[in-house]
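J.: I have a structure here, written as structure tokens, and I will follow up with some questions on it.
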Amino acid sequence: MSTELNLAVVMLIVAIIQVLLPAFFRNGETGLDYNAGARDEAGPPVGIITARLQRAQRNLYETLPLFLAAVLIAHIAGRESGLTTAGAWIYVIGRIFYIPAYAFGIPYVRSLIWVVSLAGLGMIIFALTGLFV
């Protein structure tokens with residue numbers, strides 16, 4: 001399997017972690033009884049860290065399908081290159097660092113990390129155009 005496809009698998013693992021993290025923190029806020037029940041009534045207010053982790057998760061879901069599609073297209077079309085590999089690494093590393101940056105509310109750094117990860121995705125898409133040989 002190519003590096004890009006392996007990094008796509010890494011991102012699937014990151015996505016699962018991003019499902020579990022806010023759930024773990026929310027469980028601490030609501031307690032096991034509430035989470036095991038039907039949750040018909042509103043629980044306690046969502047905590048700051050939980051809310052940030054939920055937003056980080058939603059943010060990942062905005063670009064993850066694009067990343068997965070770009071990696072698959074690059075592989076199927078035989079366009080994997082140093083540019084797609086570098087772009088995939090940049091995207092993955094950026095998305096991993098984005099989680100704690102968002103959870104801890106680090107201003108500007110979170111946005112910079114997001115831009116860098118998006119640039120990685122852009123590198124893969126640029127390679128698909130065939131303009132980079």
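Placement of Cβ uses the backbone N, Cα and C atoms for every residue, glycine included.
In TrEMBL, annotation is done automatically, which means it is predicted and not curated.
What you see is a predicted model, and the numbers here were worked out from it, not measured in a lab.
The transmembrane segment feature in TrEMBL is assigned to 6-25, 60-77, 83-105, 112-132.
What's the neighbourhood like for each of these?
T.: Panel annotation: around the transmembrane segment (83-105), residues 3-4, 7-8, 10-11, 14, 17-18, 21, 48-49, 52-53, 55-56, 59-60, 63, 67, 71, 74, 113-114, 116-124, 126-127, 132 of the same chain, lying at least six beyond its termini, place a Cβ under 8 Å from a Cβ of the stretch.
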J.: Using Cβ atoms and a strict cutoff of less than 8 Å, what residues sit near the transmembrane segment (60-77) while being 6 or more residues removed from its termini?
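T.: Answer is 2, 4-5, 7-8, 11, 14-15, 18, 84, 88, 91, 95, 98, 117-118, 121, 124-125, 127-128.
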